[in-house]
Amino acid sequence: MLMKNLVSDLSKVDIIPPRGSLIDITPIDISTIGRESSACAGGCGGHGTCTLSGCLCNGGYSGKDCQEILPPVCTIACAHGSCSGSLCSCYAGWMGVDCSLALCPELRNCSNHGYCTSSDRCFCDAGYTGPDCSIEMCSPSNCFHGNCSTGNCACDEGWHGKRCRTPICSTRCSFNGICSSPEQCQCFIDYRGPTCNECSTEDCVGCDPPCEHGECDPIAKTCICHDGWKGISCGDCPSNLCQSKPSIAYILPQTVDVEETNLIVSVHGKNFPRASEYSCIFGTLKAPGKFVSSSLVRCAIPEEMSIGRHVFTLEPETTHEHIESVDEKPIHFTFTERISQKCQGSDLGPLCVCAIGKSGADCAIIELIAQIDRQFITNQRANEGAEGTPYLVKLPLFENSVIQVSSTAPGLQFDSSKNLIVWENPIGSTKPYNISLSIWNANGPNEIDWPLKVPPSYKAKIEGFEMVGSTQKRRIFGRIDKPLPNRPVILQIRRDGAKSEEFLVETDENGFFSSEYTPDWNFGGKYHVSASHPGEVKSVDDHFEISWSTPNIEVTYNERPTRDQLKSGVEYLVENVGEVAISGWKLQIASGNLSIDSVEQSTKSLEFREGARVLVKYSMVEDFSGPFTVLLVTDSGLTRVIRQEVPMRRVLKSLSSTPKSLIVPLIFNALPTVQIHLDTTDTKISSPLQLGFETRPEPFYLIGSDPPLSNYAEYSANDRGLTLFLGGTPDGSRVNGTIHILYRGDIILRIPYTFSRRETDLFPLAICLQDEQYSEFSSIKTNAQIELVNSTNGVVMNPRSAIVNGSPQIFTIYPGFYQLTVTADQHQTYEEAIYVTPSNESFCVRLATKVTNIMPIFNGKHFSIDKIAKNQISPIPQVILFPSFITEKTEEIEAFIDGHLTKETYVYFDEIKTQFLNIKASTSAISVGDSAKIQVDAHSLNDLFKDQCDAIIFNVPYHISKNNSVDILHNTQVIVGKTEQARKLCDENLQSVSLAVKTSIQCNCANGVRENCRQKYTSAMGCGGGWKMIADDTVSLENFAMILHLVAECQQMRIYFDELKGSISCIASLDAECPLSNRLKREISESEEKKWLEDNQIPAFEPRMTSRKMKSIEISDQWDSSFTKALDVQAISFAAQFLEFFERFEEIFPLPTLKSFPTRFWNEFFQSIADHSENGMKISEGENEKLLGNVQNGATFLKLWNNSVSEWASGRIRPFEDSSPHPLIKYSQLKALIAAADKLKSISRQNGAPDPFAMLHAYMGQVLSTAGLDEADLCAESHIIIEPNVVDEGEIIVLTVNFENLKPTFLNAIRLEIEWVRGDVYTPEVKFAPGIFSYTGIHALDGSQSLPGKSSFQAIAKYTTAPGPRLTREVVYQPIVIVSFENGEKKSIQKLQSFPVIIRPKPALKVHYFIQQEKASHFVYVIFVNNGYVTLKNVRVINFKVGYEKANKEPTRFRIDEMRIDGIQKNGGLSYELGMIKPGKTKVATFRVFPLDNEGFLHSIQSQTLVDERLLPFEENKPLAIRWILEKGLIVSPLESEEPRFYFDQKAATISNIIELQNIKKTSSDSNVNGRLYHRISTVFMNPESQSFRGVFLGKILLSTMDKNFKLIRLNEVGSKLTNIQRNLNGPKWIQKENGVDYLNFIDSTALMALPSNTISYEAIFADPNDFPTPIFEQNLYRIQVHPDSWPIPGTSIGSISAFSPIDSPLEFSLYSSIGDETFSIDKNTGEIFVENELRKNEEQCVIVEVKDQHGNSATVPLSINSGGQQKSCVSRGVSGMKPLIHIGETVETSPPTESPWVSFPTPGLLSTPDVTTENFETSTFQTEITENENHSSETSQATASQEVTDSATTRKQDETEISTWETTVTNGHTEIIHSITPDNEPTEWTTSTIRTAITTQAIESTTESITFYTNRPDGEPSTLSPTDFPTPDILTTETGETTVDSGEIHSTMILTPDETPEPITRITPVEQT
């Protein structure tokens, strides 16, 4: 058996002594365990383990060869055993501390009905007899409903059974309930009545005809057919491929007591044939069964069944063939026997469940706390250790117990996989350490402890120190008194007046040690140093061995000198306050636009306590003010930072402009436009600025400004500044001159301009590139690329190569805005939107140096900032802060300088004060190789951290100053977090951060992973006994309770399943981390790959970079055989099986939550669910209150349990429905959990293990063992950086691999492989197209090259993301980077860790321009539509161009005013902020354009838009003229003509052709409903265009005479010969008079374009709204389809529902779930549907939406929400008693809806009186409010010719109305007509309607169902018909405007101009109707 072999193998490593033996503790070499030794000549006598250090004896034995028997010392007498050590070792058949308790296994331990008096004798309980007490005797106490006679029970009438406790019901309760007492039935949940033969729920009422191969929908009473079947009863199989074989899915219950024959077994399955009788076969016995449906059969239970498991099957009388299970495995039914009344635990079926801490068949045995032999404490070997020798303690394996060890010894560990206490490198101490040992079992711990003395074996001594180079560092060196290597030494350094600092160093092979130390130059003084052994006790009186003093200077000066004082001289007092003389010093400028003219000082040298006065005179630029910095530098290297500031003058600071001067091109007759930006930073403006010109007539005029000139407070003293938009005056001067900016009448800024006559706008633009050090290191030149993009004028410049610090590049371009992007290998990418004109035709870009080798790092445990390529030297000084991760407790950090730093170059820090981080300014500057301490204060962090971040990275600026010439401001970084266990790092804006992920690469990969797993592993052997209580293959709640009992037992012993899962996950990850046994394979052949590499121009030696699978890595015999041995496939597989068990458990309930449940909770829980508890398995209210107590999350668990008990015992026809609103344990979940447990137990039995935990322990001992293997050894380390880690689709990703060889020897055959994998199965495919690949430090990465010792290489791979279809949501991809190499003769392969990449949908923007001509101006609408799938943030229009000219085409002046964004007043000008635009949403900008010369025509509009400061290419339409303004749309045409006309739909933000329908037939009639009159007009139209011409229909219906109170109530399409299903129109509708005749005009944007015979019919209904006040929905059935690519998160809006009130009453929406599911909610004001909780996959839910007006009138409509499940019928029902689900909170946008929410057109001032009114009653949207159409085009609202349309057959009778169904669902931009409900063409008296509907995915069929509508209310008043009364109201109505009555005539009103000429723009108003 494998288990025995494992134990045998392990015994070579770990000897497991017998229980109670001595603990033998010997300091030995761990690596010798399991190896043969010549020191074991006698083989340890069979009483120990041989090691290289000698024999390790078992308990009770001693001596060199373990032959000496230690004398037994027992404190108690051993009744039936012998003394072993200090404990009793019991003989066979006896147990207990003193071996006095008998066992009799041969007599089955007395069958649980007695107890053993000896090993072969039982004493039976009362009522039982026989040698093994197995025969039950009759007694009055156990004849429950009968009398005891002759040893048997004689039952009373109505009872039967062995103990007369089974009632008899002659009807068997119709198989629909349980016989609870004679002739008394307890019905299942779907039934009622004395014999349970009446239905109580919709589930019970079947379909007529019955479903043959499907399930009956309980609401619609239609059959939902199984795959392939069709027809009304699912009896047709058109494909002949239908599955008809019956099968059993599961049975409930699966286990009963042998006397519970009154129960009914429900058999659930598929395709059960209809039969009058069924035989239910339990083993060899049969019982009658009843057919309920094709998916359910009920079975009686046979009497006189034997105890045990029996195979169950069904047999219908029609075929007499057994019906098998779905998986063709046997289904078992178990009969049990009730437990003995002696059970002192909880009786749960056949089990006596013991309280934690008890055991035995009747739970009568109290488990004693484990005893620990203390004899070894007197053994000196246990109390003593020695430095340099590993200390090892081998502990025995205590049964049913868990060992825990704690110690004060640093580095001492307990290896639970071997029961070893290990301290590999003991460190001596003058004080003894303490070791505590705790043995836990179910009743608690037993603890002992002992002291461990490890005397220090050496002393340390400081020998001296020396300066390091030219830095201020000291190298301190010393030695210990013995030549011992790797010995720790503590260095203690203290400066007078400051705290001591301690550093740990190690000795070299000769016992010498050294360390470098940099004094804090912020403070000088005397330093003292000493060295000591770490275990020595230090005192304040300890003698320091060496000391030194550092210089210290204090400088006193005026912090705020004036400009005059700077010129005449500023005095500085320099004082030497240290103990070291200062030989000389000098001053140099560090920052500020000034220079030193002269320095006068009284002395150049300073002795201790000597001072000197220094007078410095400065020269500076005109009007210099602000801060400047001076450095005082001494000859010894000491510096002081002198910070001063020149106060600003009280007068206004001079402004600066961009550009400084203007070159204005004059091209033909075009008027120039000029944009000037004024920098107002630090200005104090108290009145508006003014604009003036040097020449007359004025050459320019002000079009607008941002902000307006009058709003001076907005541009005074801020960083935004003031932007002026100037236009050229037509007759203005063209003489060169100057623009004047005036302040209070004074000219404060002059901007010269020059006119340049040109024939083209093109001009040369010169761009040069410079780095930060250009002025100092101009010879340093690197390669770069420059890219210019202008999407508006179509200019996209190809990337052009350039040289940093080289010659400029010349571009010939047009003026305007461009997106400038500069990329360079050694510099940070530069991006900016620039505005270029001939005025600024040349400029230089200053590039920041890229710090590639210092960045944030994640090492798998915590974040830090450090160097990732230690052999790279930065060209500029770099600062590294330590510690780089700080918390609120951190007070001080140290700054280290690294990189290129020349002489007289220094670094210093200014003071930083932020809301969360303060850094004190440094008083000294430091040079390369030096360091300085900085005071920090992280505070208020609770206000900073959000859910998505628990650590923030802050930029810390520092100055680089060189000898009065260079002042560079650079940044280092520090991470601030609450704790160092932070896992989510963000920047200061809470955005993601690119960082390096570190991997430590082991020479033997598996050993490295094993070491990590060894630290995590905790043995669970002590609580493995609970596995035997879990029954095999039994899916029941009782069995789940046994799994819970196992959890409770383990938790009592401090073994927690979530922690155990983590340690097992580590083992299961071995293959993933070291991918040998599970090698990656690619899907393409070798030749295909070669061709693919050639096609992509990738050299063969480059690593394969593909999103496909890679070629497998071949493993030769050279691969480390010990590696493959350690990675035992069976062990890893078993760990994976355990993970499956834990995962299946967590599908039911989270493991971490159970961790908080104490033992008392579990004991009370099992008592509460016992058979004899108050409610049996269901927990009563009293028990619930007692259980809860102070237990967190207990209520959730108890609710889950009670819901499950109710569901499992309900006998429900459709149990465990996915749509159940209550948490419960589903059969499928528990079946999977039991199956996982069975698999673990089966493997354990096959290998001879007592339980799975013992098997796991054996496997872990094998996998984690290091015997015969090399210890974990680092070969290399890697850092992987992905930049950026969040990209838009189509952008480039750069993956950088830094690999460093840590060995002094070569690593050979280095190979790198890269693959991209999806985040989950729902992630759409994204291709990663390989781009440029480069590497340095190695010649190839194909396995042919080597890497020298202590060197590194860097590989950079660039990819372009290229998704297949356009992305509609963010997706996650993970790079898999595999490195392999040879270390000597062994090969290693390892996966390198990296973070995933988030790829976002590409942002998209569309812009529409509409112009409305007015009397003296133009009103402009600019509509910005986000037609992408990501939110556009910080949207700003930066370049808005308006073309304005006179009638003769000459340009003219204009002014822009009345700017509004979404109706809110904004500043004027040609630049404005739009803010954020969510997907599918719009922003509407409106403004008025006024001609300044009394005439003008607006002929063109252009704009450019920034999104997050980047130019965004967008789709831009030409301006269109507004001809008609409708309520929710526009009729527009080209500016130059009124034809052709187009319709702009403001909901969809789309423009469509208008097709004018031709009227060919009209009929009208009057009718009534219950005396309420209405008028109907039916019109047939013809489409004059071809079917290929797409657009919206414009129709006109001639109105007839009608009642004056009538209004338009509804407009429907009633037939197009393609379908006769009616459709409500939701487009604009208005009444207009033409030639004295009134017409109803309408727009139909949802009509089917493919019309047979090109005809379509509409029906208009007019009535008095007061007669039909019930609110009306636009549709009668809604469906929302959720797609995996756009999966909504909680808080997401997924659609909306519309309704209106015929009486114009405000409406409120409510949403209800008939099953109480709270997944969805509705906005009560807007009708938007929201996801409130996690949406479940593969379901369809039916909810009800109610709308109610202020008068109490209400209507309901059904809404189906499908997340991938089978479509079901969904009908409206009453909502009485249901909880309304109302959305409260903000909306989360993840994908665009169908419509773009609209902000109504602001009404222009001159058109404030409406002249057009829409009676826009949106009676049907024809589309759900969800779409996946990426373009949001008109296709989302149009049905296509390929749509499937199905019609409902109807039945026409007297007092009945035909009802058909209609529904739409929108998927990827295409609309499918599924089902809808509308009334018949001819309404009749509404009394009783008969509705027959059938919904399947294949067809809509007719059935019969009676629904009665009451026409009179109980109070006698006429009832109001509503959608609750009939599926679609008789008259659908809406009216938003008011009507007036005027002699029964219908009028239209038109706005006339002063000359009475009708304008082409008309606004339609409400008119009277008769």
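Cβ from N, Cα, C; glycine included.
Of the listed segments 1716-1739, 1764-1787, 1788-1811, TrEMBL assigns region 'Disordered' to 1788-1811.
Between CYS187 and the candidates CYS196, CYS199, TrEMBL records the disulphide pairing with CYS196. A disulfide bond in TrEMBL ties CYS169 to one cysteine from CYS164, CYS179, and that cysteine is CYS179. TrEMBL names the disulfide partner of CYS133 among CYS124, CYS143 as CYS124.
According to DSSP, the domain 'EGF-like' (165-197) comprises 4 helix, 13 strand, 16 coil. Other Cβ atoms within 10 Å of the Cβ of CYS196 (disulfide bond), summed over all protein chains shown, number 25. Here is what falls inside 10 Å of the CA of CYS179 (disulfide bond) among the disulfide-bonded residues CYS124, CYS133, CYS187: CYS187.
For the pair formed by CYS187 (disulfide bond) and CYS169 (disulfide bond), distance between Cα atoms is given as 13 Å, rounded to the nearest Å. Ranking the disulfide-bonded residues CYS133, CYS169, CYS179 by other CB atoms within 10 A of the CB puts CYS169 at the bottom. Its Cβ taken as reference, CYS124 (disulfide bond) is surrounded by 19 other Cβ atoms within 10 Å in the chains shown. Distance noted between the C-alpha atoms of CYS133 (disulfide bond) and CYS196 (disulfide bond) is 42 Å. A 10 Å cutoff on Cβ-Cβ distances gives CYS187 (disulfide bond) a total of 21 other Cβ atoms nearby, all chains included. Across the structure, CYS196 (disulfide bond) and CYS124 (disulfide bond) are spaced 45 Å apart at their Cα atoms. Cα to Cα, CYS124 (disulfide bond) and CYS169 (disulfide bond) are separated by 37 Å.
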